[in-house]
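Below is one structure, written out as structure tokens, with a few remarks after it.
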């Protein structure tokens, strides 16, 4: 077995890749022109926000936290950008303020969780209400608009053939690679596995936690900018469904809720899997009353499938077994 | 001026005295062994030096200046490093990532310098003979190599004082040789070394001096040339042997030859060893040994906590595949960790009592008042939360929970941890009575004195000593003494990998 094949099989994101391929095959039979460029492009237009927000969630999950505020951040950034543009701001400066708002919520999470030691679940549950509440206050009803040029640009290609939404994904992946290249990347994985041992090794765990939430806020804001390009309008409730789907995507992509294992590509694959599932449901025209039920079942199957494959990989692992006698008296 | 000095340091945890007025000093380049039995305070001492525990009283000096640290990272900055058998390695990272974690080499200000990281790691890995493990995840390393990597991690931090807490216990012989050479090298550079170990051969081959600890006190420090193994064992065990001398023969039931519980070749996963035990009706068996030699593994495996086991109980062959099954078949398990495995702390005494009887076994309710009174539990009323009771009374309630179900075998894993002497005596009494009524009692304790106290007065009793996942000695009758237990617990020849 060559090294590449072994690396691929042992890659934590491999099960989710298999799921994507399986679902793509099914979709290709049921959806006309599934493999066409125009279908792929429209798929990315719709699901890029989910893909990006799953990445945001991954930063936090790897450090054994959870960020329930990503949905609130998406709503808030969306309405801020649309409202400021409506009030005559230039579109780029409206985007800048929107992204700043995402970062601020991230900083708030980071302070409350990192420095004040509040449980991530509670802290972000509270901040998501803050963000979503602020969004409702700024824009009580859906409406407004963004420059039509922006929407056109978002829904077209750059450099001729590259769907623009990919640009957003690439920016988020770049943030991930920068993280990985700094000591914080290593410290993030180590903190996710065991915060006490990491602390004892002299790692400033509080700051690492802080950075994960700030990154999550920032990347969620990028997701909101992409979303705004897709919807072209403001909606104070638009982010609501993203929070748990982001967690689900990460889990399907083998990012552990217990921290310390998985990577961002798993989250991307998990989000693509969810996107494929949703588009299948629309394509075969399941009545809207059963849509939630069907998508719920597919998400469940995805999670079960990913974790079964993870177990299987362990069983047929190429690594030596971990259980070794602790005593030294064996020959 | 000594490199490091402790003056009259004390530390208590609740009512337990861990260290009492301990004083000693360490010179530059000295390799000092610290020897002591369970609960002698040596690990607490290591933790105090490493900044993980703050002493209640006493003074510490490092290079003549007061040594005041509040956290392990502060101690690390002063180059006071601890490397311990409670490994600080992160299993999801590679060997080199673990090695550099305390100070990651940087390129510019922001980025990891991967080349420097590899270079740093390979240099030290070559030194410890693990060059081939570069890039391997720590979770894929066998235990002995993990211990070596833990040791290497401490070396990379350039210690001026290195505390080595039982790290050699999992090493193979070649590795111990490498380890010794590195320790000697460190000492030549002027690093002071505290070597906490129970392996006599290692102590005698590398240490300059030895400090003996017993019951939280420093007994004395000797140059290694002035002592021998027998003298050291003698000092460790200089207990008053009069405890538990009065044999209460009336309590012991007629010698029964009927084997109630039989375990054959049960595997202890962590050690990869197989153990067997036959327990006769009415027997009280104490399981002794140094900490972590498989005592807990044995009782927990027996109870079905570590997966499927096969036992013979009351002339019936049983496959225990869950704890529920073992409880139904008449096994009872009493944990020393009351908080996590014993009490339901915010529920009432009554509910705690019924937890097994009516909830797990669906039997009819116990006579609670009678049970509680017969064990002398001090309480207001049975509906008060159990956490309002003292530790000893809480544990009595948990014991009553089990004895109320008339178990065939009561398994106790250090059940008297952190409870007072009076309650301890009561617990022993209850165990004795339970055995007298025909059950088997198996008790692990980290306190050798306690085991003697429990088993000596009873006729049908023995103490089995474990080392490295195996039973190495059985003590009965007059042989049950603290001295014999400690003597059997220590590997006197101390040779590894033989």
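Backbone N, Cα and C atoms are what each Cβ position is placed from, and that goes for glycine too.
Listed ranges A:290-309, A:310-329; the one TrEMBL annotates as transmembrane segment is A:290-309. If you look at the transmembrane segment (A:121-139), the same-chain residues 6 or more away from its ends with a CB under 8 A from one of its CBs are 66-73, 75-76, 78-80, 82-83, 105, 108-109, 112-113, 234-237, 239-240, 243.
Here the listed stretches are A:37-56, A:95-116, A:199-227, and the one with the most C-beta pairs under 8 angstroms to the transmembrane segment (A:159-179) is A:37-56. Only residues 6 or more beyond the boundaries of the transmembrane segment (A:37-56), in the same chain, are considered here, and those with a CB under 8 A from a CB of the stretch are 31, 67, 70, 74, 154-155, 157, 161, 163, 165-166, 168-169, 172-173, 176, 215-220, 222-224, 226-227, 229-230, 242, 245-246, 249-250, 253, 264, 267-268, 270-272, 274-275, 278-279. Here the transmembrane segment (A:239-257) has long-range neighbours at 12-13, 15-16, 19, 49-51, 53-54, 56-58, 61-62, 66, 68-76, 78, 128, 132, 135, 192, 223-224, 227, 263, 265-271, 273-274, 299, 302-303, 306-307, 310, meaning same-chain residues at least 6 beyond its ends whose C-beta is under 8 angstroms from one of its own. Counting C-beta pairs under 8 angstroms (sequence separation of 6 or more), the transmembrane segment (A:290-309) reaches the transmembrane segment (A:12-31) with 3 or more such pairs.
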